[in-house]
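**Student:** In case it's useful when we look at the structure, here is the feature table from TrEMBL:
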BINDING   Met176, Gly178, Gly180, Asp220  Ca(2+) binding site
Amino acid sequence: MYPPYSYEAKELYDAMKGLGTKEGVIIEILASRTKNQLREIMKAYEEDYGSSLEEDIQADTSGYLERILVCLLQGSRDDLSGFVDPGLALQDAQDLYAAGEKICGTDEMKFITILCTRSATHLMRVFEEYEKIANKSIEDSIKSETHGSLEEAMLTVVKCTRNLHSYFAERLYYAMKGAGTRDGTLIRNIVSRSEIDLNLIKHQFNKMYGKTLSSMIMEDTSGDYKNALLNLVGNDL
């Protein structure tokens, strides 16, 4: 098993190497990690692969998706501050409205700047103010104003801001729901959160879906693979 940050660095490297880019993997990791975690992932990436993660992302993506990924990677978000300036939150909400719903077209950089540089507590206030101004949620506006991977990236930032554990619970659920199992998503999210907040994610999973994570793993996987996942998850039947 790789050390935690080397594991995530490998996931990012594998998402970019070869033909095509697994943009969803990059979005998931960059949008859900703290500033310090991202710093450690970048360090591990450079040590393990001899290149800059930021430069590799810039080489492998383009346009506004590249902008939001680089902005997330640079760790401009204030993770720790619980302070919210109500005036700034209202201004940000007004700026988001002016950048999207109010105009023909979208000022994507305004969305990117606010979503990627403000603290979670501040953004929660922004989302409240936005809904009062626009009469719709920030999620609905993102869906109507953007599309594709940029939409996915922005919505992921919003989900992680609202409730990080709900975001991971949802990722795990949909990795197993329906035909086939998205093994990469399942393994990555269990391994990467196993020593951080997996118990909280398990609790949220049960609350959201009315079943335990381990019971769904037992239904959906088999053999040594199932046993390895259950060893990490623990028995929450």
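Placed from the backbone N, Cα and C atoms, the Cβ positions cover glycine too.
Have a look at these and tell me how they're positioned relative to everything else.
**Tutor:** With a 10 A radius on its CB, Gly180 (Ca(2+) binding site) counts 9 other CB atoms from all the protein chains.
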**Student:** Which residues, in sequence order, are found in the same chain with Cβ within 8 Å of the centroid defined by the Cβ atoms of Met176, Gly178, Gly180, Asp220 at the Ca(2+) site, excluding those residues themselves?
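**Tutor:** Close Cβ neighbours, site residues excluded: Ala175, Lys177, Ala179, Thr181, Arg182.
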